[in-house]
């Protein structure tokens, strides 16, 4: 079938901010889809609220709207643009839910707008738990015993009928939001209540648990002519019971017999045909390991997280194909862009093994509940490729950028036996390391299988690696043992640990004996057809398939897995750096380990190496490619941390030198620079012992800001108000050394701001000053920010510009840098300097039109700012107002305190743009799904000492019709000042009743000292999040919301 000519203009719905369950994979799929539609000649409109994406670049679609993803906002854009059709299946669950909601308003029928790809009936049939169960029964496909419920009592009643354990699956949610496994009535009442509240249709499926079955995923495609094919079959290392987003996954499947594979494949294809899905679809199946019995778990009728993984694992661009299918093309008409000779209907074949491991945020949230179940908790993931499953697993572990670089964990090694077995029986994020430890202690495969229900095949992979560890440790500097270990993915650092030497010595010995990796190509067809894909992975094997070209090359280091503090913003900068390198006439090479991102789309760079971002793996690529130099400024702290090791190995670091990168992080050197430039900074001291930290704090005076050096995202950063709190901080953050000291700064009250600047060594371009809406003490990544600034006069701006110019030149910055300031008593103080791209680069780039990463890259490559047409100083401010708002995933992470602090907690961001500050704020709040009705009900729970600051806010809310609720200690103060209290709430149970009944629309909680889990302030915050009620812990955020509500309020005025 040829592509459709009756439609010309297509609106694509993006996925919005990154949250747990919906991350960078949708930037990748949305970008692919928009470009595919433009390639076919269609006019495209993109709507997305997330500025930190490649998808929202103006060249990706004909019309780009960075607007809230709400029915109201989309309706306005649809009436403005009049598209012929909407493509909703590339925006994750948000895209699907919006398509359903838009249809229910009648707008699509009114304007004659068609939904492309999967039709509404199919979406409904796949997403509505009851309808899906009915369809499975019609098709004769087995599903676990289940019942759809709309109340908690119905859920408990069914659990009694079928027996515990049961799984709760809310309808129309993603990442298992609100779901969980329940073992008794108490757990059922808690989980079902939460699931029903989070389901947009107040519906859950209660399902008899089949935990322990093998979990198999098929990524399948179908077109309008009913051609179907399997892109990839993936097998979860973890059995059913752990959300697939929190599972280790292998591709292709590792343990299925041909009979099992064909049986499950037939089921997957039957389902996509029955649902009449046009495009990509993810089918999840559970297989009884003791028989040929299986159950259908669910179908995602859209491009998903697994689609991105399958695309990168096979090289088959699922989202691109899905977009082309949506406009009428069929699989037998679309050329495979990898081989350029075969068609899209040919199923990919893999002659390698891929391993995905999730990246969890528990290094940031040490108090969080780390248990894994049916609700996803990972913020991102890594992927590794090897010739064996062992090699892929080892490479994936070291891609995670956590304390463990292999399967050895000191914590697991010292754990008592009962703790070890508990960790296996009740899985947490670190189960893999405890699993390895059981084999070191002599457990059999059967014993570990009984504890974990993990397939003996996967257990044997871990056991084999432990056995190889033992062999290695007894044969230091043995060439044959070295070769074997490298084939199974052992790093030089791991071998060095086992040989009691340094990784440099292992590398030297390896090179002397010519034990070197080769690089293999990903070609989708296991070399069956000719292919020249520039997409490679390393292996200790024969025949190198990556040939160095004569063209000079530049290597760009990516940022690895998405995590809190290092999100998709850094991938955005990486991709734009690649574009600038290519336009400058160089070959652009990328190393990255993240399957979700645009930078790991092999069509973006000239060569892509899917490798761990470790010194060894990067040096191996450099040995082969011999690039002119390496750019580390756009890969976040991941790339910066590699700079010193690379430089010591003779690698040319382009842009700011390693010594100058260190100058910004070394407290003594930096302090001297500030003094020499006659600039101001808060009084600060450095300490390398616990006692020295306490003395420094006493010398400066409380409150103080304490943090380790060399961190990203404010990890382990805290404001402490007395010695007791400082002692507690030091107990929780014990790792303090001469090389990595603790920094202690005076805490200044004032307005924070930040700038991103580009310096060529002489001139300094400042695209804009971003004012933080929250005062000092909230991490910049968790602060709302406004550009242009709303509260700085020309003198303050001049001080900021002068300080930026002086610092950039003095620190010998060549490229990009970020500086954070605080304005205290009309004076500008420097808080910190980051000699790299920051998370605000996409935000400012979208607003100003300056592609900052590209401009900085050209500077790094030797082109001055003047030659690029830029003048020194602050770029002219726009007429429009732009607000960036953080987005959090607290509802996915039990026991994480939501009180905003110097340590970053947000997972994503949105942007609001309009002609006034209040309108821009309104859009930002709306995009972040903070929607408080006019004339609503507000609960104030206030820290002692905050009453004076809170009082005027409460009065203003009351004046525009809001009902005020308080705790007893706040009530008397409010009453004394003439504020009517609608109700006093005296305990947490009373609050829970009101929250459940929908009687509270916003909770304001400033009880910062209540961080213990049994404290009132903490419990109030947890209850508020559990009920999905907006929560604000900063009075500056409250004031911003109040400005919006006052702007929207109509005042009743008497005639005088």
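Cβ atoms are placed via backbone N, Cα and C, with glycine included.
Taking a C-beta cut-off of under 8 Å and a sequence gap of six or more, residue 284 (ATP 1 binding site) has these contacts in its own chain: 215, 216, 217, 244, 296, 297, 298, 299, 300. Under the heading ATP 1 binding site, Swiss-Prot lists 129, 169, 175, 176, 208, 210, 215, 241, 242, 243, 284, 298.
Residues annotated as Mn(2+) 1 binding site in Swiss-Prot, with sequence analysis given as evidence: 284, 298. In the three-state DSSP classification, residue 298 (Mn(2+) 1 binding site) falls within a strand.
Taken from Swiss-Prot, the feature Mg(2+) 1 binding site covers 284, 298, and the record attributes it to sequence analysis.
Annotation source Swiss-Prot lists Mg(2+) 2 binding site at 298, 300, citing sequence analysis. Within 10 Å of the C-beta of residue 300 (Mg(2+) 2 binding site) we count 24 further C-beta atoms, all protein chains included.
Neighbours of residue 298 (Mn(2+) 1 binding site), defined as other CB atoms within 10 A of its CB across all chains, total 18. Residues or ranges marked as Mn(2+) 2 binding site in Swiss-Prot: 298, 300.
As annotated by Swiss-Prot, ATP 2 binding site applies to 707, 746, 748, 752, 777, 778, 779, 780, 820, 832, with the evidence given as sequence analysis. A sphere of 10 angstroms centred on the C-beta of residue 820 (ATP 2 binding site) encloses 18 other C-beta atoms.
On its own chain, residue 832 (Mg(2+) 3 binding site) has 819, 820 as residues at least 6 apart in sequence with a Cβ closer than 8 Å to its own Cβ. Mapped onto three states, the DSSP output places residue 832 (Mg(2+) 3 binding site) in strand. The feature Mg(2+) 3 binding site is assigned by Swiss-Prot to 820, 832, with sequence analysis given as support.
According to Swiss-Prot, the Mn(2+) 3 binding site annotation covers 820, 832. Secondary structure at residue 820 (ATP 2 binding site), as computed by DSSP, is strand.
Under the heading Mn(2+) 4 binding site, Swiss-Prot lists 832, 834. Cβ-based neighbour count (10 Å, all protein chains) for residue 834 (Mn(2+) 4 binding site) stands at 22.
Positions annotated as Mg(2+) 4 binding site by Swiss-Prot, on the basis of sequence analysis: 832, 834.
If you look up Swiss-Prot, you'll see 133-327 marked as domain 'ATP-grasp 1', on the strength of sequence analysis.
Annotation comment: Swiss-Prot describes 671-861 as domain 'ATP-grasp 2', evidence class sequence analysis. Mean pLDDT across the domain 'ATP-grasp 2' (671-861) comes to 91 in this model.
The domain 'MGS-like' annotation in Swiss-Prot covers 930-1056.
Taken from Swiss-Prot, the feature region 'Carboxyphosphate synthetic domain' covers 1-401, and the record attributes it to sequence analysis.
Under the heading region 'Carbamoyl phosphate synthetic domain', Swiss-Prot lists 547-929.
Checking each of the binding-site residues 129, 208, 242, 834 against residue 748 (ATP 2 binding site) by C-alpha distance, the shortest gap belongs to 834. Looking at residue 834 (Mn(2+) 4 binding site) and residue 129 (ATP 1 binding site), their Cα atoms lie 49 Å from each other. In terms of C-alpha distance, the listed binding-site residues 707, 777, 779 place 779 closest to residue 242 (ATP 1 binding site). Taking CA atoms as the reference points, residue 777 (ATP 2 binding site) and residue 208 (ATP 1 binding site) are 47 Å apart.
Within the same chain, residues at least six positions away from residue 208 (ATP 1 binding site) with a Cβ under 8 Å of its Cβ are 144, 145, 146, 162, 163, 166, 167.
The CA atom of residue 707 (ATP 2 binding site) is located 48 Å away from the CA atom of residue 129 (ATP 1 binding site). You'll find the Cα of residue 129 (ATP 1 binding site) roughly 40 Å from the Cα of residue 779 (ATP 2 binding site). The least crowded of the binding-site residues 242, 748, judged by other CB atoms within 10 A of its own CB, is 748.
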